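One structure is given here, and the rest of the page talks about it.
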Amino acid sequence: MQSNATEHAALERVAPRGTALRIAHAVKRYGEREVLYGIDLEIAPGEFVAIVGRSGCGKSTLLRLIAGLEGIDGGSLHRDGAAGGGLHDDARVMFQDARLLPWKRVLDNVALGLPRTHRAQAAEVLAQVGLAERAGEWPARLSGGQRQRVALARALVHRPRLLLLDEPLGALDALTRIDMQNLIEGLWQRLGFTAVLVTHDVAEAVALADRVVLIEDGRIALDARIDLPRPRHRGAPAFARLEEAILNRVMQRKADPDEVTDARAHVARPSPWEVSAAAVGWAV
């Protein structure tokens, strides 16, 4: 089987078919405690946005609002120009836990919710994630990375226009994690869906995203466009500068946002940076 890295390098991005998102002045409360307030964010169809921030800052809460798993307490959320509310058939969420059914074989896990006549579609998507030969096996026989591939196939078999990723790779070893990042990026380029990723890993955010958004204490503190060419090389000086600048901003709340802008100025393909709390782009 051809390596993911080789396949990834050869892919060209298709025309986006993803969901457009617009969040304005969003507020979320639990009792009297506000966990999100003043969130303003727009995500273009087919855009890949990564959300970073410390634990408890509100990243996953925002993801649940976008997914329709929880209601918004103030402001508005629109999908493709229409007010969003509740679960949508064209959106799927992938979690850190693959949540496979142990009593169903791999192909049956991918085909959950599909008519029996669509099993060929499930087999096709399983092949896209590199596991066609494991279709008849039980989930218990798979590695952690393979289980996440099955979970990804189960999400993509429904042909979502919006894929929400809530720390899906956090429990994987470093090499498997990079392999999965390449797979996700390649499928995103090929299929054109909108992707929103919540992650604690700044390197992962820089590797995958068109934009990296930092949330601090329920507010957007940084929105940085990543204009590095794809596929991205972690050892490249421009990549390292961006990763370090964003990580410093995450870890040192009073750090100067201009540090991120300065790092961006060294990238070979210059373009304007958007670093503000008003021009937001959020993600899982």
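Here the Cβ of each residue, glycine as well, is placed from N, Cα and C on the backbone.
Taken from Swiss-Prot, the feature domain 'ABC transporter' covers 21-242.
Mapped onto three states, the DSSP output places G58 (ATP binding site) in coil. Around the Cβ of G58 (ATP binding site), a 10 Å sphere holds 24 further Cβ atoms from the protein chains shown. Annotated ATP binding site per Swiss-Prot: G53, R54, S55, G56, C57, G58, K59, S60, in sequence order, evidence recorded as sequence analysis.
Close to the recorded ATP site, the chain also has T61, I215: residues not among G53, R54, S55, G56, C57, G58, K59, S60 whose Cβ is within 8 Å of the site's Cβ mean position.
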